[in-house]
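A.B. asks: According to TrEMBL, the domain 'Thiaminase-2/PQQC' annotation covers 11-205. The feature substrate binding site is assigned by TrEMBL to ASP45, GLU81, GLU130. According to TrEMBL, the active site, proton donor annotation covers GLU196.
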Amino acid sequence: MSLTCEQLIQRYSESWEKATVHPFLNECQSGKIKPEQFNTWLVQDYLFVTQFTRFLASAIANAPVTHFDVLLGGMSAIKDELNWFQEKAQERNLDLSTEKQQTCQAYCEYLHHIQNMAYPIQAVALWAIELAYNQAWQKPGKMVPPYDEFAQRWGNPNFTEYVKLLEKQADEALAEADSEVEKQATATFVKIASLEKDFWQMAYKK
Ligand SMILES: Cc1ncc(C[n+]2csc(CCO)c2C)c(N)n1
């Protein structure tokens, strides 16, 4: 039996919990987050998504044609997401040409690093990155305005469906992987969980 996404979640459930449960999210839920802390996180997330766009493009370049439909749908969603980030930044008077914090920089470098690795590794990364947001923004429960818009964006059923399709594709890719690629895909999952955990914390740093 080959490795599956479900097994990764089960085997590393503690790391995954830390990736998707954080005081930042609870403070968005209650409305206690300071606007400047939220803004700090938002700008860093925009910077991350610009790098993620390049990562998705390279995953498409390595993917089998049977995976194009889902991934191209993801690419189209990112076009919308980047424009939406720019709108939010304008509303909040934020400068998007800010420097990356160290955690954001490390995450972007990691995406660049796995860009040229075997496709199953990229398929697992795409799934894990999207699942992290899909779960993290739902776990605290109904959020107060203005943070409910963010929770809706990443917690809505359509996005959940997209993440399920990414899981199916990652499982298909893993079914073709040898044990070395399985090992690297596992390491990628664990690394992403750790980077996601650190990412929330950037809200509290200048
Ligand atoms: C640190 C961090 N991790 C995951 C995501 C989730 N995500 C990455 S790109 C994108 C747009 C739709 O594909 C979404 C929702 C994020 N934004 N920031």
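Every residue gets a Cβ built from N, Cα and C, even glycine.
Help me understand the surroundings of these features in the structure.
C.D. replies: For the recorded site, ASP45 (substrate binding site), the DSSP three-state label reads helix.
With a cut-off of 8 Å between CB atoms and residues at least 6 apart in sequence, the same chain places ALA19, THR20, ILE129, ALA132, ALA136 near GLU196 (active site, proton donor), listed in sequence order.
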A.B. asks: Around the substrate site formed by ASP45, GLU81, GLU130, which additional residues qualify by having Cβ within 8 Å of the site's Cβ center?
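C.D. replies: So the extra residues in range turn out to be PHE48, VAL49, PHE52, ILE78, TYR133, TRP154.
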A.B. asks: Tell me, how many other CB atoms lie within 10 A of the CB of GLU81 (substrate binding site), whichever protein chain they belong to?
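C.D. replies: Summing over all protein chains shown, GLU81 (substrate binding site) has 18 other Cβ atoms within 10 Å.
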A.B. asks: What is the biggest Cα to Cα gap, in Å, among ASP45, GLU81, GLU130, the residues listed as binding substrate?
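C.D. replies: About 13 Å separates the two most distant Cα atoms.
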A.B. asks: Excluding near sequence neighbours, so keeping only residues 6 or more apart in the same chain, what lies with its CB under 8 A of ASP45 (substrate binding site)?
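C.D. replies: Set apart from ASP45 (substrate binding site) by at least 6 residues yet with Cβ under 8 Å, we have PHE85, PHE199.
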